[in-house]
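Note sheet for the following structure.
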Amino acid sequence: MGALARALPSILLALLLTSTPEALGANPGLVARITDKGLQYAAQEGLLALQSELLRITLPDFTGDLRIPHVGRGRYEFHSLNIHSCELLHSALRPVPGQGLSLSISDSSIRVQGRWKVRKSFFKLQGSFDVSVKGISISVNLLLGSESSGRPTVTASSCSSDIADVEVDMSGDLGWLLNLFHNQIESKFQKVLESRICEMIQKSVSSDLQPYLQTLPVTTEIDSFADIDYSLVEAPRATAQMLEVMFKGEIFHRNHRSPVTLLAAVMSLPEEHNKMVYFAISDYVFNTASLVYHEEGYLNFSITDDMIPPDSNIRLTTKSFRPFVPRLARLYPNMNLELQGSVPSAPLLNFSPGNLSVDPYMEIDAFVLLPSSSKEPVFRLSVATNVSATLTFNTSKITGFLKPGKVKVELKESKVGLFNAELLEALLNYYILNTFYPKFNDKLAEGFPLPLLKRVQLYDLGLQIHKDFLFLGANVQYMRV
């Protein structure tokens, strides 16, 4: 029966992680909701895992005293116990408001085979036995919490077990005699099993499951320099209909994590329970990512003449600029130009019902490439555009795509006189549409992972956009090995 305990991680971890100390108490950036439908699916999968596990274990030996008529009191031993077959019919996993989860298994039976010995001072009997255990019922309440590291905790707050019937058939030396007193043997067998089931479950929760939870990573790698923080901001919340797990959801630079000035907004989640799981993802998650990529310089770019299409009317040369910036051509005749773009502040994604948008602002500095290989600054442009964003999610991650609008260019500073900066809009539009945004869309296509266990996939996906957050709904399929 120890497998009942060892199979608990298969049931629970598929729910708890379907997963910084200073973040405790803050608003979550990401919430995972497991509905009653999802809990029942987890119970079903857990029952299958348990049934498979039971057939691979050896039960512990147990001994005791037995009074045999005409022989007297002897010492019995049941050993080499193996589960030959099992049938687990019903299981349920329900939220317990304010506490955690209640796991129950009922109407189950197992058949155990093994060896027996009976010792008396002047003789020893031995043989084999076959035990049929019917009507097994187990109920365990699991208290869920979180520790300062942001990892989940679990304790078995209560446990009860019951066995309706035990039938023992013994063979071997005088096995027929012992079978005459099967009621006494079966009663002892039943008491031993009932007492050990909860003992082994509670031991497994404290010695196996809880230590395992402490090894779970609270960060997940996104790419070569960015990670996402999946630590819990508080203990999982259980209500009558669901279990909700709150994650920090901050994306940060792996090598030098800086304090984030952004705050995650309070998310008012829709009361939806039709799917197995839901994920609420705050704009905080995406905007902390923007801060990291801005800090890394990922948003900076440069444009040189060899990047301009051959049929362009404007080249990045002082000669090409002569018609509208004549002073530039006079001061720097027949020289090439380089445009260096940067984003002064990280662009923030705006969520409104049914819509995603971002309004990036860029500055572009123009340099003349001197014969000495040095660069001479000559003017600065400001570039504004509005961008619509599309986010989707698949079986394991969220991906995105940016669609930019038309750019608007203004001259901010100039050492070569005033000129109409709008003449550069066509050139900048070409670069932004064909190089700058494709680079970002390639990164967004890589996506960032949802807090799922291995071999867990999502299907029947649905996406809603609310103020300040995305709301994703899905059903779950566990891919068995």
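Cβ from N, Cα, C; glycine included.
Taken straight from Swiss-Prot:
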- 1-25: signal peptide (SIGNAL)
- Cys159-Cys198: disulfide bond (DISULFID)
- Asn300: N-linked glycosylation site (CARBOHYD)
- Asn355: N-linked glycosylation site (CARBOHYD)
- Asn386: N-linked glycosylation site (CARBOHYD)
- Asn394: N-linked glycosylation site (CARBOHYD)
Spatial neighbours of Asn394 (N-linked glycosylation site), counting only the recorded positions Cys159, Asn300, Asn355, Asn386 and Cα distances within 10 Å: none
Integer Cα-Cα distance in angstrom, Asn300 (N-linked glycosylation site) to Asn386 (N-linked glycosylation site): 18
Other C-beta atoms that fall within 10 angstroms of the C-beta of Asn394 (N-linked glycosylation site): 14
Pairwise Cα distance for Asn355 (N-linked glycosylation site)/Asn386 (N-linked glycosylation site) [Å, integer]: 13
Cβ neighbours within the same chain of Cys198 (disulfide bond) - under 8 Å, at least six residues apart: Ile138, Val140, Cys159, Ser160, Ser161
